[in-house]
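Swiss-Prot annotations:
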type: TRANSMEM; residues: 29-49; note: transmembrane segment
type: TRANSMEM; residues: 55-75; note: transmembrane segment
type: TRANSMEM; residues: 102-122; note: transmembrane segment
type: TRANSMEM; residues: 146-166; note: transmembrane segment
type: TRANSMEM; residues: 169-189; note: transmembrane segment
type: TRANSMEM; residues: 219-239; note: transmembrane segment
type: TRANSMEM; residues: 241-261; note: transmembrane segment
type: TRANSMEM; residues: 275-295; note: transmembrane segment
Amino acid sequence: MFVTLIKPLARLHPRAWDFVQLVRLDRPIGIYLLLWPTLWSLWIAAGGVPELKNLLIFVLGVTLMRAAGCVINDFADRDFDGHVARTKARPLATGKISVREAWITFTILVALSFGLVLLTNAPTIWLSFGAVAVASLYPFMKRYTYYPQVVLGAAYSWGILMAFTAERGELPASAWLLFLANVLWTVAYDSYYAMTDREDDLKIGIKSTAILFGDADRLIIGSLQGLTLLLLALAGNRFELGACFYLGLVVAAACFAWEAWSTRDRDPQACFRAFLHNHWAGLAIFLGTVADYALR
């Protein structure tokens, strides 16, 4: 449905769709995976429905920063993407968009995001610098470490910290449980994603947890997902959440079980579907959180 809504953008200018693809608006899964944990945290930090201003800031901010992350990722990978079946048609890899145009796009997106952050408070503004730094660092880690997914996890979890400071003006220690849970979850689902490209990555020297885990990949992913649920349950206890929140965790656990079963043969397409499926786990936890506060 999201792609259907943005399709008319292709008619605005002959090159409009190239930029849509550059910022991955045609593939909104990254927005969802970044948005749900941020929304969990906004609701928990607010003790219910957050301020409308903060809700709008974070929804727009997530969308803009995910887009900026895609641009810097494609810049970093522009010499590799042409050798990977899944990424060879990306606009920077094909030359449809120049490096200069990509940098201009990245700068505009970050500037717009920072403009939104300026509407919050000082602690959130200071945290935003870390968000940009970690998001910019991630794409280059694939050259040097088998743990780029951990850096991605930190980038995808930074909104959790900012949500608390925006709502409360401070960062409670218990927020780090949510942060760590989301880092582990991100490593898990992005390992499924990396499994789809594992053979190509081995040929061109790109590192990932999928390569590091080897034949133990599914076992380790399942363990990471289990730890994610445990940490979320601990966070739920610390923030005095109730049955609806834990029901959301049960639904997420069912999603994780389906992913483990569906990838039993390690088929690349099945691994990609498992990656996409994590959106439903995040949504279930969000709905459980919302329901828990709404029914009090």
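Cβ coordinates are placed from backbone N, Cα and C, and glycine is handled just like the others.
Below 8 A, the CB atoms of the transmembrane segment (241-261) and the transmembrane segment (169-189) form no more than two pairs separated by six or more positions in the chain, fewer than 3 in all. Note: the stretches the transmembrane segment (169-189) and the transmembrane segment (55-75) are not in contact (fewer than 3 CB pairs below 8 A, sequence gap of 6 or more). Relative to the transmembrane segment (275-295), the listed stretch 29-49 leads the set 29-49, 55-75, 102-122 in CB pairs under 8 A.
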